Amino acid sequence: METRRPRRGGKKRFLLPLALLCLAVLLPGALLPPSASASSSSPAVGGGSRKRRWVGFDYYVLALQWPGTICRETSNCCDTNGCCRSKPLKWFTIHGLWPQYNYGGWPSCCRPTKFNINKILMLMPILEKYWPSLYCGSSSTCFGGRGPFWVHEWETHGTCAYPEIQDEYDYFSTALYLYSKYNVTKALRKAHIRPASGRKYAVGHIVAVIEYAFGAMPSLVCKNGSVQELRLCFHKDYQPRDCTLETGTAPNSRSYCPRYVTFPSYKPSVMANTTEGISNQASKPMVSYTSTSASEQRLGLQVLK
């Protein structure tokens, strides 16, 4: 039995999705609801692209990527690139969880820290599947370094969510919790918007579907007429809120979304064509995708199938 979407301003009730229960069984204690502080009462204004030094923050953006838009341009493969897996990714993957300011811009690189991968070892099978890097090579990190994609997201954005988010485990588990609870791919499919089908969909319809499902307006980022990112916004108590107007909504912007957009599919590149990146990842903990998939099937975990 499904709950009806309440009227705006009314009391909201959410049923805990089965996927969350399954995740909790798969990783006991991994995806508990994050602790929340009081949400900001400041009115939202137009967004911006300005980075600022950390002075707290007002809300979160959960940025989700549509792999087809990125992976169809993949020319080189490496073992760290999710586009190069034998089976294409047919669900939105996580780009990051980003603290933002109401008046525009966002904090970045807020606290010097050394990434501790041991704190997220129990999350890695799910991170590999739903939060993969879609590129080869290392990402820039704070203070002049380079490292894996997860290190970049934690140092650049995660460190700025303190004290709401305390460490690496808090950051990645909070993002996974929101990603699973507010299942964008499932909401779109329920409305007969089926990514990778090759059809064009009205941007207004996509936005309306997500707003109806979650009670708040998302924002879209596009590339060459295809959805590249869909972003959900949350108060600091992790309740949905409307996303502010993106600066990329101008028609001459590179991230502008036309009236109708696509969710492109792609054919995975062949790993055998190149060995780029493999030698640099020799010490990376290996994750068994087969065992992860088997665990999901055994537990009935259908997060984004």
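In case you wondered, yes, glycine gets a Cβ from its N, Cα and C as well.
Automatic prediction, not curation, is the source of TrEMBL annotations.
Sequence annotations record features per position, and here TrEMBL assigns signal peptide to 1-38. As annotated by TrEMBL, active site applies to His95, Glu153, His157.
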His95 (active site) to Glu153 (active site) - Cα separation in whole Å: 8
Neighbourhood of Glu153 (active site), C-beta criterion under 8 angstroms, separation at least six: His95, Gly96, Leu97, Tyr171
Neighbour-count leader, CB within 10 A, active-site residues: His95, His157: His157
